[in-house]
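Undergrad: Pulled the feature table from TrEMBL, pasting it below:
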- 123-245: domain 'Fatty acid hydroxylase' (DOMAIN)
- 22-47: transmembrane segment (TRANSMEM)
- 77-99: transmembrane segment (TRANSMEM)
- 114-134: transmembrane segment (TRANSMEM)
Amino acid sequence: TLGNFWQTAWLEFYDHMEGDEWTIFLIGAALVPALAFWGFNGILLVADITGKPTFITRYRIQLGKNDPVDRKKLWKAIYTALGNQFFVSFPMLVPMFYIMKWWENTFSKELPTFQWFLVELSIFTVVEEILFYYTHRLAHHPVLYKHIHKKHHEWTAPIGVVSIYAHPIEHIVSNTLPVMTGPMIMGSHIVSVSAWFSIALVTTSISHCGYHLPLLPSPEFHDFHHLKFNQCYGVLGVLDFLHGTDKMFRQTKAFERHKVLLSLTPLSESIPEPPKKEE
């Protein structure tokens, strides 16, 4: 029944757009993911700027950091994120559009089944993990780090919008291409592309948000990367485990906290950092 609902809704939308594939693609691949990104980060920004609601701020990972956030630094991050979206991500959708048209499936009037979407989602995730891990680790090479990746690491205690606060070259190679490649390989339907882009943007925002909130994926892994720089390069952590780039992380309390929080008690309280040794 739910499948029939979405199929009917898609056909109505397709007819309303009069089959204009370019407009449909822009709405699905650009507008919907952008709304998901800024909608989610808008809520986080209120907490970052005002410290309210306390329900969110009490789940802060790096206690005492961004409390409140440096507004000058924040506006710089927002302007850069918007610039990357409008002048990097959106132009990259042009060649993607023609690649997707070549597959002759992206704008099909028949939606993929939910089961097939889950298969695609798994493939997208694996492709992103591989491409992001190696491009991200390459960006930490001293030469590339100094001129490119250092910008992203200006935030040792990141917030959500910092997920796309990066040098334009990094935004192309490490942020955008790993997410775009899976759908281009699979020739996915625009609805699948839209859902995947939205999930990817919200997920990376969670990884950078600085809050370990109940029921959401744990951001401890990537937050630790921003804190220590040379640990935890990937998304899932699989390649970090295989390459041994998470050994330091696994010896910390942050690793113990790296799980989905299923209660209302912040993990910073139930699994606190050990007291610092007096010099």
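Cβ from N, Cα, C; glycine included.
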Undergrad: So, by DSSP, how many helix, strand and coil residues make up the domain 'Fatty acid hydroxylase' (123-245)?
TA: 87 helix, 2 strand, 34 coil
Undergrad: Against which stretches of its own chain does the transmembrane segment (114-134) lie, if we need a Cβ under 8 Å and a gap of at least six residues from its ends?
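TA: Sequence-distant neighbours of the transmembrane segment (114-134): 3, 174, 177-179, 181-183, 185-186, 188, 192, 195-196, 199-200, 233-236, 238-240.
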Undergrad: Where does the mean pLDDT land for the domain 'Fatty acid hydroxylase' (123-245)?
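TA: A mean pLDDT of 96 is what the model gives the domain 'Fatty acid hydroxylase' (123-245).
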